[in-house]
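Novice: According to TrEMBL, the record shows the following:
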type: DOMAIN; residues: 41-280; note: domain 'SGNH hydrolase-type esterase'
type: ACT_SITE; residues: 45; note: active site, nucleophile
type: DISULFID; residues: 62-87; note: disulfide bond
type: DISULFID; residues: 138-151; note: disulfide bond
type: DISULFID; residues: 206-252; note: disulfide bond
type: ACT_SITE; residues: 273; note: active site
C-alpha cells in the first residue's frame, strides 16, 4: 500500500537529502544508520492518523495509517526495524496500561520499547488535557452565544478559575513521566517529542469551525499553552522538541493549504485531525529535527 502523492513527494525529498548527505560525508553519515536501527513511534490519534489512507495494524481501532508521520519518517530513514505503537484515543497512562477499545484492547505502548531502541518519537498529552471533550463541549455550547465566549464560561468556575488552565501543568507532568519512562526503557535512544499541529486561527473562526467568536482566541491560547508545556518537558528530559505549529494551515485554511480537517472533513481524515498533508509536514519536521536536511548531516 502506498502513501498519498504529496506524502510520497515529501518522503522522496527527504530520502534524496539523506542520500546526498551519505554520498558527501561517507563514514560520518553512518550515524543515520545507527539512529534508524530500531525506531519506535508512540502517541495518540495525531500520531496514528485515523482515516488517512491506508489504515493498517492491530488492533484495527487504533486507526493507524500508512501515511502517518511515523511511517514517513521510517521510510525516509530506511529504518531497519520499525514499530508504530500509536493508538487513537491514547492518554499518557496508556504507555504503561492497556488501552480499552470498542472491540479490542491495545497493549501498553511501552511494550514496544527495548534497550536497543535507537529512535523514539512520541506525540501525547492532548487526551490528557481532554481534547475530545473540549471539541464537543465547545461546539455544543456555541449555539447559546455565537458572538460571546460560552466555552470559556463553561470551563471557568464562579471564582474565575479556568479549569483548562489548571489541566495544563497536570498534562505536563504526565508527559514528563512518559519521557522518563522512555529513557528508563531505552536509555540509548534519541527521543523526539512532537507538538500538536495548529488547529485554529488565532482570532477569527470560519464555517468549518462553528465555535463562538470569542472562543476562537480562547481555544487558540489553550493550544499554545499545551504545546508550551510539552516543549518544556521535552527540554527538561533532554529530548528534541518538534514544533508542528504554522499559521495558515489550520481548519479554516483553504482546502489545498489545510493540514488539519474541520468538523466536516473534506479529505480522508478524522474530524479536527491531521490530513495526509499535515502528516507529511510533521514528518518533514521530525526529519529536520534529526538533522535530515539537504547539505546537513544528522545532528
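Here the Cβ of each residue, glycine as well, is placed from N, Cα and C on the backbone.
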Novice: Return the member of 45, 62, 138, 151, 206 nearest to residue 273 (active site) in space, with distance defined Cα to Cα and candidates limited to these recorded positions.
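Specialist: Comparing Cα positions, the closest of these recorded positions turns out to be 45.
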Novice: Can you tell me whether DSSP puts residue 252 (disulfide bond) in helix, strand or coil?
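Specialist: Where residue 252 (disulfide bond) sits, the three-state DSSP reduction gives coil.
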Novice: Whole-number answer please: how many Å between the C-alpha atoms of residue 206 (disulfide bond) and residue 62 (disulfide bond)?
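Specialist: Approximately 30 Å lies between the Cα of residue 206 (disulfide bond) and that of residue 62 (disulfide bond).
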Novice: Cβ distance under 8 Å to residue 62 (disulfide bond), same chain, sequence separation 6 or more: which residues?
Specialist: 48, 86, 87, 88, 101, 106
Novice: My understanding is the cutoff is Cβ-Cβ under 8 Å with a sequence separation of 6 or more in the same chain; which residues meet that for residue 45 (active site, nucleophile)?
Specialist: 63, 86, 87, 88, 89, 90, 270, 273
Novice: Distance check, please: Cα of residue 151 (disulfide bond) against Cα of residue 252 (disulfide bond), rounded to an integer number of angstrom.
Specialist: 19
Novice: Taking just the CA atoms, what is the gap between residue 138 (disulfide bond) and residue 252 (disulfide bond) in Å?
Specialist: 17
Novice: Near residue 252 (disulfide bond), which residues of its own chain have a C-beta under 8 A away, given they sit six or more steps off in sequence?
Specialist: 200, 201, 204, 205, 206, 208, 209, 262
Novice: Just counting, how many other CB atoms are there within 10 A of the CB of residue 87 (disulfide bond)?
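Specialist: There are 25 of them.
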Novice: Can you see whether DSSP assigns residue 138 (disulfide bond) to helix, strand or coil?
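Specialist: Residue 138 (disulfide bond) sits in a helix per DSSP.
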